[in-house]
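Q: Quick one: this structure, given as structure tokens, is what I'll be asking you about.
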Amino acid sequence: MTELKNDRYLRALLRQPVDVTPVWMMRQAGRYLPEYKATRAQAGDFMSLCKNAELACEVTLQPLRRYPLDAAILFSDILTVPDAMGLGLYFEAGEGPRFTAPVTCKADVDKLPIPDPEDELGYVMNAVRTIRRELKGEVPLIGFSGSPWTLATYMVEGGSSKAFTVIKKMMYADPQALHLLLDKLAKSVTLYLNAQIKAGAQSVMIFDTWGGVLTGRDYQQFSLYYMHKIVDGLLRENDGRRVPVTLFTKGGGQWLEAMAETGCDALGLDWTTDIADARRRVGHKVALQGNMDPSMLYAPPARIEDEVATILAGFGQGEGHVFNLGHGIHQDVPPEHAGAFVEAVHRLSAQYHN
């Protein structure tokens, strides 16, 4: 077993005792850091940054040099999987990600390959191995993927969407085609995450960014069902240590009980869910991650500290809390505000652990 100097993040996910509440930030390697912007400029574009193991490692480590974070998260993108399926990912200025060959019908789904994670996605595994080597056991490394439903929204819509009318048209008019796509994605994501674990990821997270746009019935059928399949197929032990799994559905606070039934170790919460209520409902089964509004980082440090104190008190005494934002950090947040946030979590949380 590789020695970890700081394992409180992994311990908290497994609801084991810790000295202080661990903290990391979604998108902690990102555009709010001037050093990230410099490295991205060096890479040329976003996907070139993802595909260069040394540069992906560099941006993964940048926030850890600034802040005493309790975990590193692989620098990559959820759309690596559809890109490896041959959809032709590109980034349009001001538009976000686009695909040259979106999925429009069952015939398109039938043609999609299931990517070999050590081949078409080998650059991700190289990044995982490089980051693990450079972390030198300081903190654990989180691997991740998008959920099948969330990946499918981009693949069917052809990119980002506000109303999701194209994928919902497929969902209601041709559900068989969508189920075939989601099944293929579930298989691909399972292989992809297991390859990340074998390459050195010590915990994995499934980001279901767009599950919250569904009705409860559709969420169960088209999103949660496929995340459950992935959880069932994941390696849960590696290098002599349990590999915790976190599910995060943005806008999914009403479905926590169903999510906790999947066998995952932890649930991510966005900022619209009350953490005290979430703990009452599912804290006996899973750890909770979250859940400060990312926009709170625009506030003065004293106000950030008050919010941290409120969320810590909401979760209360005992184990099973990983502090995070309720979604990714915004790109124009002052870096010193992120520092005040991390420092406040550690300083104010010790009283809740004894």
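Any Cβ shown, glycine's included, is placed from N, Cα and C.
The substrate binding site annotation in Swiss-Prot covers Arg27, Gln28, Ala29, Gly30, Arg31, Asp77, Tyr154, Thr209, His327, and the record cites sequence analysis as its basis. Annotation comment: Swiss-Prot describes Asp77 as site 'Transition state stabilizer', evidence class sequence analysis.
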Q: What's the CA-CA gap between Ala29 (substrate binding site) and Asp77 (site 'Transition state stabilizer') in angstrom, rounded?
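A: Rounded to the nearest whole number, the Cα-Cα distance is 12 Å.
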Q: Sequence gap of 6 or more, C-beta under 8 Å: which same-chain residues meet both conditions with respect to Tyr154 (substrate binding site)?
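A: Long-range Cβ contacts: Leu79, Pro82, Pro97, Phe99, Ser160.
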Q: Nearest to Asp77 (site 'Transition state stabilizer') by Cα, among Arg27, Arg31, His327 (binding-site residues)?
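A: Comparing Cα positions, the closest of these binding-site residues turns out to be Arg27.
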Q: Would you give the longest CA-CA distance, in whole angstrom, between residues of Arg27, Gln28, Ala29, Gly30, Arg31, Asp77, Tyr154, Thr209, His327, the set recorded as binding substrate?
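A: Greatest Cα-Cα span of the listed binding residues: 23 Å.
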Q: Sort Arg27 (substrate binding site) into helix, strand or coil using the DSSP assignment.
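A: Going by the DSSP assignment, Arg27 (substrate binding site) belongs to neither helix nor strand, so it counts as coil.
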Q: Which residues of the same chain, at least 6 positions away in sequence, have a Cβ lying under 8 Å from the Cβ of His327 (substrate binding site)?
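A: Counting only residues 6 or more apart in sequence, the Cβ neighbours of His327 (substrate binding site) under 8 Å are Met26, Lys250, Asp270, Trp271, Pro294.
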Q: Taking only same-chain residues 6+ apart in sequence, whose CB is under 8 Å from that of Arg27 (substrate binding site), what do you get?
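A: For Arg27 (substrate binding site), the qualifying residues are Gly328, Ile329.
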